[in-house]
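Data block below; observations after.
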Amino acid sequence: MEDNGTHHPISSFFLVGIPGLQDFHCWIGIPVFLLFALTLLGNSIIIATVKLEPSLHQPMYFFLCMLAVNDMALSSSTAPKMLGTFWFNDHRIGFNICLTQMYFIHTLCIIESALLLAMAFDRYVAICIPLHYTTILTTSKIIKMGLVGVSRAILMVLPCPLLIKRLPYYTNYIINHVYCEHMAVVKLANANTLINRAYGISVALSVMILDLGLIATSYIKILQAVFRLSSQNARSKALGTCAAHVCTILVSYTPALFSFLTHRIGKKVPPSVHILFASLYLLVPPTVNPLVYGIKTKQIRDQVVGLFFPNKKISEH
């Protein structure tokens, strides 16, 4: 494919999968398939439930539907190629297709972060200034918040593939990963990649610091408001409405932070461990989110039970 003498640009990459665990690829593909199937099923149920039940037509559940759509898109951008690599030894991926996958993965991850921030803001308004909830979070404002989150992600990630396109790729085409991750692709260039590395890390840090900072601020305000309540029952109820969102934040950000740190400062972490965590970051949260909201949120739990078991009496408590 490449000629070292004439330095022809490469036309495709070779995705290794998980280095050191190639003999187990067939078995690793089974949980990947199950996570992908559960993601599509669980998030589809959440969307259908919210759509069919008028009582769930509230800002909190609109944001949840946006998260469900984003989760399905994120999982669909990675899982099919992973399964092709694990089960059918389809390791090749075209240069432009690789950049497209990379772009969608990182864009959807930033949208996910923006949605978690929007959901934190929703809980802040609902608990701290409940009398203004319906006037602050109108349908038009929810749409605008969604569009701002999507626009931010599109514009922030767009320079990444454009900066890669200007780099020469001649001899290195083997990506030690299961998908086209930005830094994994940048490392293969036959040129100075300082600009690419600097831009990539600045985007990742700015998104995490800004979004996590604002989410933390929201929850500090929420806790202050909750502990000012005199009734223990009221405190429990207020905190209960945040439980699902807090679980989602932990599930989403913990593997993301681990992956980010090991990629840049964890030199002694085996590549297989890093790649497994990077894969879990993209596959587990989209699967877990609908389960968390289905179990922790009574309104959704009751409606899902009613959807599948129409004759079953919905619990009152």
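From the backbone N, Cα and C atoms, a Cβ is placed for every residue, glycine too.
TrEMBL does not curate its annotations; it predicts them automatically.
Annotation comment: TrEMBL describes 42-293 as domain 'G-protein coupled receptors family 1 profile'.
Taken from TrEMBL, the feature transmembrane segment covers 27-48 (among others). Outside the transmembrane segment (27-48), and at least 6 residues removed from its termini, the chain residues within Cβ reach (under 8 Å) are 18, 21, 64-65, 68-69, 71-72, 75-76, 79-80, 82-83, 86-87, 279, 283-284, 286-287, 289-291, 293-294, 300, 304, 307.
Among the features that TrEMBL reports, transmembrane segment is placed at 60-83 (among others).
What TrEMBL records for 103-121 (among others) is transmembrane segment.
The transmembrane segment annotation in TrEMBL covers 142-164 (among others).
Below 8 angstroms of C-beta separation, residues 106, 110, 113-114, 116-117, 120-121, 156-157, 159-160, 163, 182-183, 186, 249, 253, 256-257, 260, 264 of the same chain, each at least six residues beyond the ends of the transmembrane segment (198-217), sit close to that stretch. TrEMBL lists 198-217 (among others) with the feature transmembrane segment.
The feature transmembrane segment is assigned by TrEMBL to 238-261 (among others).
Per TrEMBL, transmembrane segment is recorded for 273-293 (among others).
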